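Everything below concerns the one structure shown next.
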Amino acid sequence: MPKEVLIEVRGLKNQFGPNVIHEDLDLDIHRGEVLGIVGGSGTGKSVLLRSIVGLQAPRAGSVKVFGTDVRTASKAEMAKVENRWGVMFQDGALFSSLTVRENVEAPMRERTGLDPETRAALADLKIAMVGLPPKARSLYPSELSGGMRKRAGLARALALDPDIVFLDEPTAGLDPIGASEFDALIRNLQTSLGLTVFLVTHDLDTLHATCDRIAVLAERKVLVTGTIRELMEVDHPWVREYFHGPRAHAALLAAEG
Amino acid sequence: MSLRGRLTIETLPETQRSLGAAEAGGQIDMAAVEALDTAGAWALLQAQKRAEATGHALEIVNLSESHRHLLETVAAAMPEPERRRRTIPGRPDDGLANLGQEVAQGLRGSLTSVGFFGEVVAHLGALVLHPTRLKLTPLVHHMQEAGWNAVPIVSLMGFLIGIVLAFQGSTQLKPFGAEVYVVDLVAISILRELGILLTAIIVAGRSASAFTAAIGSMKMREEIDAMRVLGLDPIDRLVLPRLIALVLLLPALGFIASLAGLLGGGLMAWIDLGITPGMFRTQLLANTDVTHAIIGLVKAPFFAVIIAVIGCHQGMQVSGNAESLGSHTSRSVVQAIFLVIVVDAFFSIFFAVWGL
Ligand SMILES: Nc1ncnc2c1ncn2[C@@H]1O[C@H](COP(=O)(O)OP(=O)(O)OP(=O)(O)O)[C@@H](O)[C@H]1O
Ligand SMILES: [Mg+2]
């Protein structure tokens, strides 16, 4: 059975001044999968995420999310799409003048007509689901640790129970236990909610633990996609280095127990 | 009872309504439910809890595999409802306490300002001993930003003030046939007071806010902390260049504004009263002593110190959030303008007592 394509990127080109980041980049994301995006620092993973969610106007190419072209969509069409995705930015991007609970409530306040009590209760639920302690609810982002900010960012991304979440390095800066809890959480949400996850990460353990498919960004495009097993066979210097380096072996051993 | 359709965040109010009937216990049949998300699961569990609280059992049956999974996940995370203790800061019966707190906070604020001022003076002293420590690039940058770029607005302001003074003066003096004293009126008020005072106010609005915003956003992004651990002194690097730039250039700006004011006044006197530029010049040189201009310019460095110190100090006090950046920026402008006017009043008294 052909899988339903939620996001379709075709011929994407991104450029800052003379600096070409992406050229002729194609990528498909299917419903219900966890797609890992890997690539060296500065290969444009965050820029790819930004162009898919419409924050970065590409020079050329098309990006379709749920069949809607994010470049040409009208405001009303975009609002529908935005209701169905959640984004967690690399550095959290929490609203600094709101508490954690208010941050998580913010999308609900904008996009649903829920009463304040329900909103707060749902926000508390999301905060608990991402593993933040209850006392974090009323703290401001500047009073959180780096890892707690990540979790709060995820809670906000999940606020509207989206179909797809974009996570930019969710486990970077978490302690190993917290990181594996995070992996388990993403996997769990994926199975129970049928969530589709676009996951940018450098964390090999996360790749092993959560991803169904991995896309490698190199040479300005998506070089290859496939499962870890498939990628381990690929004959490209960077890919080989990445999946056969000492860290990769440790992660593989850990994953296979 | 049986539920059907989508139990998601969009349909949450309806779900809650239909679950209201289930609180007496019984069974909820989920066979016809198409979609369930965390909001729907939360509503179900909430209903179950309420039923239990009244001693009934509410069973959820015919769950699909993934829905049961979701329900378990949500159940594991169900937060304890917390008692909300709300303190309402502006409650009327707290009026006296609030007033006291505000006064105390204000006093503490001005004390730390004085402390900061002392610190800046100490660093200035150290700078005099080791002048090479001053970095020229930021100094020149701030001289351009706060000084040179303010020239157009400041001269326009001076010119317009000159016009207004000459016009108002001429209508008042004409009935007495004392039109020619318009020159003295314009010259003395602009050179002695208005030129420099209004320049300081404009610079306070432009630069105190810019200083606070720049330093405050560095504070928010931990750049100040990064400087400290690198052994760079934030006062040396951020405050002194701004302070010195303003001290050097505010007198110049005030001088430019005063010249523009005389120009505007002269123009208006010519158009309105027929006082030719030659007459204006003769009258100006004959009757207006140069001490007026000196008195005006002497005040400028003091105003510059006030503006720079308040702007930088407010920036240093910004805490982690965007709101505090905004409130400190506006506070810095208000305080700087207010203090400039207060100090100007003291100068007036001082010079009056000295008979200047
Ligand atoms: N707004 C911008 N203006 C100019 N260049 C930019 C901008 N944003 C990103 N870039 C450039 O695009 C390239 C890719 O950046 P990007 O942030 O996507 O990297 P990344 O793959 O996410 O790296 P990392 O793994 O370190 O997060 C970098 O070379 C960066 O300098
Ligand atoms: Mg990035």
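Please read every residue number as a count from 1 along the shown chain.
Using N, Cα and C of the backbone, Cβ positions are placed for all residues, glycine too.
Features as listed in TrEMBL:
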DOMAIN    B:28-72  domain 'STAS'
TRANSMEM  B:146-167  transmembrane segment
TRANSMEM  B:194-218  transmembrane segment
TRANSMEM  B:239-271  transmembrane segment
TRANSMEM  B:291-312  transmembrane segment
TRANSMEM  B:333-354  transmembrane segment
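Here the transmembrane segment (B:146-167) has long-range neighbours at 182, 185-186, 189-190, 194-195, 198-199, 202-203, 206-207, 210, 242, 245-246, 248-250, 252-253, 256-269, 272, meaning same-chain residues at least 6 beyond its ends whose C-beta is under 8 angstroms from one of its own.
Beyond the transmembrane segment (B:291-312), the same-chain residues lying 6 or more positions past its ends with a Cβ under 8 Å from any Cβ of the stretch are 113, 116-117, 120, 187-188, 191-193, 195-197, 199-200, 203-204, 207-212, 215, 238-239, 242-243, 246-247, 249-251, 253-255, 258, 332, 335-336, 339-340, 343-344, 347, 351, 356. Here the transmembrane segment (B:239-271) has Cβ contacts under 8 Å with residues 120, 123-124, 127, 134-135, 138-139, 141-143, 145-148, 150-151, 154-163, 165-167, 170, 182-183, 186-187, 190-191, 194-196, 198-200, 203, 207, 211, 277, 280, 284, 293, 296-297, 300-301, 303-305, 307-309, 311-312 of the same chain, all six or more residues outside its ends. Assigned with DSSP, the residues of the domain 'STAS' (B:28-72) fall into helix, strand and coil as follows: 24 helix, 13 strand, 8 coil.
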